[in-house]
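> Residues annotated as domain 'P5B-type ATPase N-terminal' in TrEMBL: 17-112. TrEMBL lists 31-58, 150-169, 175-195, 367-387, 957-976, 1021-1042, 1072-1090, 1102-1121, 1141-1162 with the feature transmembrane segment. Residues or ranges marked as domain 'Cation-transporting P-type ATPase N-terminal' by TrEMBL: 121-170. Among the features that TrEMBL reports, domain 'P-type ATPase A' is placed at 213-353.
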Amino acid sequence: MSACGEQEAYLVQDDILVRFHGYKRSVPGNVLYWALVVCTGGILHVVNSWFNFINIWFTLKRTSIDKADYIHVLDDRNKYLDVVVVRVKRIEGDLFNAEKFVPISEWKDPNWSHSLSSVFPGLSDNTVEQRKKLFGQCIIDIQEKSYLRLLYEEIVNPFYIFQIASIIIWCFEQYYYYACAIFAISAISIGATLISTKRTMRKIREMAMHTCPVTVLRQGIWTEVQSSELVPGDIFDLGSPNFSTLPCDAVLFGGDCIVNESMLTGESTPESKYPLGLDSDLLRNIDMAAHTFKPSVSRHIIFAGTELVRVRKTKSMYGLLNNSADGHANMRAMAMVLRTGFSSTKGSLVRSILFPRSTKFQFYRDAFRFVGVLAFIAVIGFTANTINLHRLGVSVSAIAKKALDLITVIVPPALPASMSIGMSFAAKRLRKQGIFCISPSRINVASKVAVMCFDKTGTLTEDGLDLLGVHVANQSTGAFAQMYSGSKEITSSVKKAQDGNIIDCVGKTGITVINALATCHSLRLVNNTPIGDPLEVRMLEFSGWEMEEVSGSLEIVVRPPPGAELSLENSSDVFNDKINHKMHISGGAALLATGCLNSIRILKTFDFAPELRRASVLVQQQGAHNNIEAYVKGAPEVIRTLCRPLTIPSDYTRILEEYTQQGYRVIGLAGKHMSHMPAGTTDEMLVRGSVESDLVFMGFLVFENRLKQTTAPILNELRQAKVRVIMCTGDNPLTAVNVARECSLIQQDVHVFVPEVLETECLGLDKQPAANLDSNKHGDANNSFELGQRLPTFNIIWKESTGKQIMLDSEAMVPVAKDYTDTEAASLAEELSRSGRYCIAVTGDAFGLFMKHGLGSTAIWKHILMRGLVYARMSPEQKAALVEQLQELGYITGFCGDGANDCTALKTADIGISLSEAEASVAAPFTSRITDISCVTRVLKEGRCSISTSFACFKYMALYSMIQFTSCCLLYIYNVNLTDGQFLYVDLFTILPITMCMNQTKPFRTLVPKRPSASLISKKVLTSLIGNILLIVGFQVAVYFITEAQSWYHRPEPADPGDPDSTPLQGDINTSIYLFSSFQYLFTGIVFSIGPPYRQAAISNYIYVAVVIVLLLFDLWVLLVPVKGFFSLFGLVHVETSWRFVILGMVAANFVLCYAGERFVFPWLAPRLAKIFRFVKLIYSRTLSRGRKQQQQLQQPLIASNVLKTAENGRYNSYSICNSESECPRLWERLGQRENRREYKLFLQKMAGGSDWY
């Protein structure tokens, strides 16, 4: 263990840097701390729950970590996280050799670095006990807090501490009814919170908790234990009865299985998992700390919490290693435990639900700053009223009580709750629509989304694909043959060649298109139904062949339909007797009985890998023992590089562009015939690279990918709202561009430029490559070369997608003519440069090169990011990198996807929305059961509604405090205050129902271009708040002075002349102030009930309208119809009838002015006040700098100009000096332009057509 007293560790799964400080207990400090707790009546202990450093400072002392009894855990900002008791100092054995804390999720058995045979025959008892001490039980056990503990944690919340203090003060002030009512409401609120918290925790615990019997291999013996007893390194049997849900993360060793991972990845299609080979180096190289694994790794990993759809047993490796002769006894589907408990993938999901990441949102910071301002106002009122009451001769104790009471008035304890209530209602409405949120704070962040990225397949387009046909390449003619729209024509071309092998329309012996269609997949059978990629399912259906599984192995057999198969009488193949599963694809084309089609065994499958963009299989025909066929399918540009050049048709490029420009999804198909396999070679020793090389190009599979019905309308709505829309897909760039045009993501008159990467070599003249500019975190860390070395470099040519004779200048990124003598092309390029009606489709190759060579921070790359609307052939890592790049430009970025390939991008984005059947997914903050992108606009609308509601509630609570504060201050002039009943009615029957009901207004039906502000100190909010406060306070003061001027007015006097504290609360001034202010509480709620453009009109909120009408009628009744019972209840006195109508008139005038100000005057006034403040700021800054500038600079005219920040430096001035008035707009106009703090807005100002570039 480390001898120092501090250590840092980065937790990859949680994306957080934590610090550890070592401490030992201090006995004298403990005695002193608890003595102070007793002396302060427990107050110190309560304060310590807010500021945890107090207990640490008293009771602990720093020491080295290896000697520590306690570990203080902090985050990267030195914020307290926890204090952990060190229970186990050191574990004997070789589990860890490090002299410091290491996250247990990163632990890896040293034996895994050797051959997999080293993990057999299982763990010893001593090893199991050691690992139990280190990793704990294999269970996600959330400790359910008792009601008493929950009650304590709730009560010590600053909100309730303030409530308790307020109730005590009110009791001293003899507001018993009001204090009891608030106490009752608080008690009910706490009780409801406790019940809700307990129910939620119990639900999460039930979801997380899972145990089941499992058969585990230990010391060579299979033993049944509970799953909670598993430890990393344990080998267990997946085929155990009733074993349906994985209790841990594990790597598959034997058999195969199909799992449903929707809860973890959002992928609705079940995934097939394959066992590791004995010679695999996966465990040696696996990154245990990674939150997600690469596809090449995850195909062997089964994750905790996933459901087993189907498990197949095979001969276990354990039996092979021990040379067991009993094959049936060794039929196993085995896996080895990798991670358990909270370190597993399911544990990560549970942690993300229990401890959602905090979001830095300006609204919350500004809100608490404003609370500080209110507290400052309270201090001013406290001081002024103390002086006044002292002048009246009021006792010191009474002054203290009244002053403290004033603080409870100005700082409303319900303010924090009112700020989050809109978010709670938004989350509830989203849940009703099938959109679940595990991080509610992200709802408000959704209000500021400026760019939305979408995956294509399954998100913008339908999951299912229609296979239009196969466009076969004829090797005899060197060109493409006809398009085959059915398997009948393809099958009819199959025949025996002279060498005895089969041949078809491709013209190469040993391989056929029909065999490729029937076998080049990774499908599995569940209840006689093929499970897997919908594209592969459609290929098998198109072929019309039958799929069967071989008992006792992982092999798949496909058979041609009856009548198309050769006689099997002379076949020596024995695998036909082992078939135990069979699936017949109905609906396939009728096949001709050619007598040339045999059953085919799939020997080896190489699944589709996103980084390789291809998949392949090795197959063998019945009876052809040494004749092997290899088939590969994938991206056309990748398949082309794997094929022999002479097999590529002469019209390859033309045919491919024809299909992709029409929006079809094109898959390349290739194969080769292998006459034999090297002696001694087994399936596990095959190298994928040798199989997927030296291929014969066979043709294109052409799929039609239809748009979802909602795609185009939703994208158009986002564009109208000036939310930039980006497509990010792994498909062909031209196909993606066509789909983008079809759904109006790219307008028809916008020209698209697609990159072509040309890699070259240059002679190194320096130790650093010329391309290594402004390296960033995506660049290579060791990018250095020796003098004279050949350096890799690249050039990107940006071609127009439809073949126009224009291109993009690679430095200026503006259209130019390929040939400057071509006047038509030059004219088009000039027009595009001026109008900006062009965009870029970036490929994964180009994106990767910019990241690899450290060009991610250059002006060219930022221009590409601003012009890019389509990103094609992007890997999962590149999708996440794109989101990060957009965030660095200042965009609040969203991402919407439906598959496991999008997980990283979904978590990286500010707003990630996963289209999944799961109720909650670790893949994203939002999970939508709505399988189209309409969920995006719903989340954005709810986000805008939520933030607007939060603003409305905050302003209403602020005005409520100022109204009551003003009333109390005016009444304190005569040492009186509002009565118990008046306080009770205002807080319980006016403020509470209005606040609750005004939050239930639903979002507006459309998104508008302007996004709501997230700043409470913006000019619009401050003008509104200050303006309404001035009107409210002004009218109350006017009522006060007018009341005093009335002939019937009686000044409040003490009942006992010798006791100033005996002044009765009831009186003319109290009645007038209360009657008037009771309407102010009501109409400020109406004024701040913001409707369009972010919320529906308040009139659509029927409950709110009903509450307002009832309260208005009641207040009018109390004002105009004196009722003795109500007067006694509220502590009112009778005043002149004419005066009542005067109050009503003043109420109407106050309401009209506040309403007109909020709707018309303040929005008009705000920008003009901002100009004045900016002008004052400009003059002030010029005055300060005058002494530092030369005389010639001082003589230049003071004309302001907004200078754009360049891409090369990070500084800019909002207003700088221009040489003449003609060079800059007028000062008043420029002062009206707000400083742009986000870099992308600055780029938009410089871009041609930037004002229309969403």
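In case you wondered, yes, glycine gets a Cβ from its N, Cα and C as well.
Note: TrEMBL annotation is automatic and uncurated.
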> In the domain 'Cation-transporting P-type ATPase N-terminal' (121-170), how many residues does DSSP put in helix, strand and coil?
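When I sort the residues of the domain 'Cation-transporting P-type ATPase N-terminal' (121-170) into the three classes, I find 33 helix, 1 strand, 16 coil.
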> Short question: which residues 6 or more past the ends of the transmembrane segment (367-387) have a Cβ under 8 Å from it?
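Same-chain residues near the transmembrane segment (367-387) but 6 or more away: 399, 402-403, 406-407, 409-411, 415, 419, 954, 958, 961, 965, 969, 972, 1016-1017.
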> Across the domain 'P-type ATPase A' (213-353), what does the mean pLDDT come to, as a whole number?
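Mean pLDDT across the domain 'P-type ATPase A' (213-353) comes out at 79.
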> Taking residues 6+ outside the transmembrane segment (1141-1162), which of them lie with a CB under 8 Å of any CB in it?
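Contacts of the transmembrane segment (1141-1162) (Cβ under 8 Å, skipping residues fewer than 6 from its ends): 1020, 1023-1024, 1027-1028, 1031-1032, 1035, 1038-1039, 1042, 1072, 1075-1076, 1079-1080, 1083-1084, 1086-1088, 1116, 1119-1120.
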> Determine which residues of the chain contact the transmembrane segment (175-195) at the Cβ level, with the cut-off under 8 Å and only residues 6 or more beyond its ends counted.
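For the transmembrane segment (175-195), the list is 147, 150-151, 154-155, 160, 163, 166-167, 980-981, 983-984, 987-988.
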> Check the transmembrane segment (957-976) against the transmembrane segment (1021-1042) for contact, please; criterion is three or more CB pairs under 8 Å, pairs 6 or more apart in sequence.
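These two stretches do touch.
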> Mind checking which residues of the chain, 6+ beyond the ends of the transmembrane segment (1102-1121), have their Cβ under 8 Å from one of its Cβ atoms?
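Residues packing against the transmembrane segment (1102-1121) from afar: 989-990, 993-994, 997-998, 1000-1001, 1075, 1078-1079, 1082, 1085-1086, 1089, 1130, 1132, 1140-1141, 1143-1144.
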> Per DSSP, what is the residue count of the domain 'P-type ATPase A' (213-353) in each of helix, strand and coil?
35 helix, 46 strand, 60 coil
